[in-house]
Amino acid sequence: MVVLILLCDITKFFVEGSLGSNETEHQHPTNVYHDVGVTRDKIVTAQFECYQKIMKDSTHSRQEPLCNRTWDGWLCWDDTKAGVISEQHCPDYFQDFDPSEMVTKICADTGDWFLHPVSNRTWSNYTRCNQHTNEVRVTAMNLFYLALIGHGLSLTSLLISLGIFFHFKSLSCQRITLHKNLFFSFVLNSVITIVLLTAVANNQEVVQSNPTSCKVSQFIHLYLFGCNYFWMLCEGIYLHTLIVVAVFAEKQHLMWYYLLGWGFPLIPATIHAVARSYYYNDNCWISSKTSLLYIIHGPICAALLVNLFFLLNIVRVLITKLKVTHQAESSLYMKAVRATLILVPLLGIQYVLLPYKPEGRVSSEIYDYIMHILMHYQGLLVATIFCFFNGEVQAVLRRHWNQYNIQFGSSIGNHSDALRSASYTASSITEVQGCYSIDGHTEHMNGKGCHEADASILKSDNPFA
């Protein structure tokens, strides 16, 4: 949570800087009434379209009572049969209006629109549009804090995981290097998401002033969002090349993985930014009601599908090898593939659910909670599966914990127990290898194989140094 507090301080600085850069704009009253101007433009446009529709549509023959088509000031109503209640969705002119709710207008049996008993004028019932406004605001705040907590937990777990990977040199190998880059992409994404949530989405002044910095932040956010999924694809490609294509090759060139993980997401992010500036240039690019987001989501979905294909093919190959040879190395590879195979559907399920948002208020609220959990707790999930549940990491931590107990144990009994435990752990390290090897081949990093690193620990004159 300390990380979250520091990010909030950074966010405050970001907001002050953004507002300071637009101080001259705030001196003009037009920005104060920005929302009023937008609302007025929407209403005028809707009124113009309504009158055009009224003039173009053919009139019905009056064989039965009929309420005439009309414009009520906010919405356009078609001809309605007598005794029928006409309905349509609430307009999005005002922030406290819920477009999922319905407006009603009653056509009386006489063929006249309902007159309000107090004003004695035709009346449309808009009361349901803001009936649940307070509940919607509470839900929005709950989702806001749910996202902040999710990214705070993700940041904490990811930074701890990166600390473990960098501190323990026995874990250094190409596969762990890919893990580090994947974790780092999630760290950066969580940081920029917290900045956007607190400095932009939750600050109407920044959104109304529409500084360039908030659009740049949105661009960085979408770029890093793509990096998350393409580094997951790198994990799948690496395992597929190692196990299927190169038949347990010793070493791969990581430069191509860096280009795919950090370089390729720049392409859809840049195309989206250019298209957004020309075709849907809303304030801070904060709206999600545009099909231009498919420029970002399309490559991500493709990466998920390709990754799933690679992983299923890897599982097929490993199962075949296990049936034929019963090699222990194949079993070790299966454990690594299993972790990635679990993550891919979990990280991609949001795109399966995205088109199926329900219409009802309660069901829509449940949907929003599920989507926020799936989206904002991904970093925590990745750190848990790839680091905290990793047998190699657990073995290394257990061994160093036992070394600590031996060095700082307060009694002979504790020293003896820790020594026996350390001896058992050291012998088990040969079973849980830091990096996989097949037929004597070892994955190398920085000129030193992982077997060599483990061997140097086990053969040292002072194993606890």
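Cβ atoms are placed via backbone N, Cα and C, with glycine included.
Keep in mind that what you see is a predicted model, and the values were worked out from it rather than measured.
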Membrane_side_equal(Ile243, Ile366) from Swiss-Prot: no
Candidate cysteine (Cys50, Cys67, Cys90) that Swiss-Prot pairs with Cys76 in a disulfide: Cys50
Cysteine paired with Cys67, where Swiss-Prot records a disulfide bond, from Cys90, Cys107: Cys107
Segment-segment contact (the transmembrane segment (212-240); the transmembrane segment (142-166)) at 3 or more Cβ pairs under 8 Å: no
Same-chain residues near the transmembrane segment (255-275), Cβ under 8 Å, at least 6 residues beyond its ends: 178, 181-182, 185, 215, 219, 222-227, 230-231, 233-234, 237-238, 292-293, 295-296, 298-299
Euclidean distance between Cα atoms of Cys129 (disulfide bond) and Cys50 (disulfide bond), Å: 21
Secondary structure content, the topological domain 'Extracellular' (21-141) (per DSSP, counts of residues): 45 helix, 23 strand, 53 coil
DSSP residue counts for the topological domain 'Cytoplasmic' (167-177), split into helix, strand and coil: 8 helix, 0 strand, 3 coil
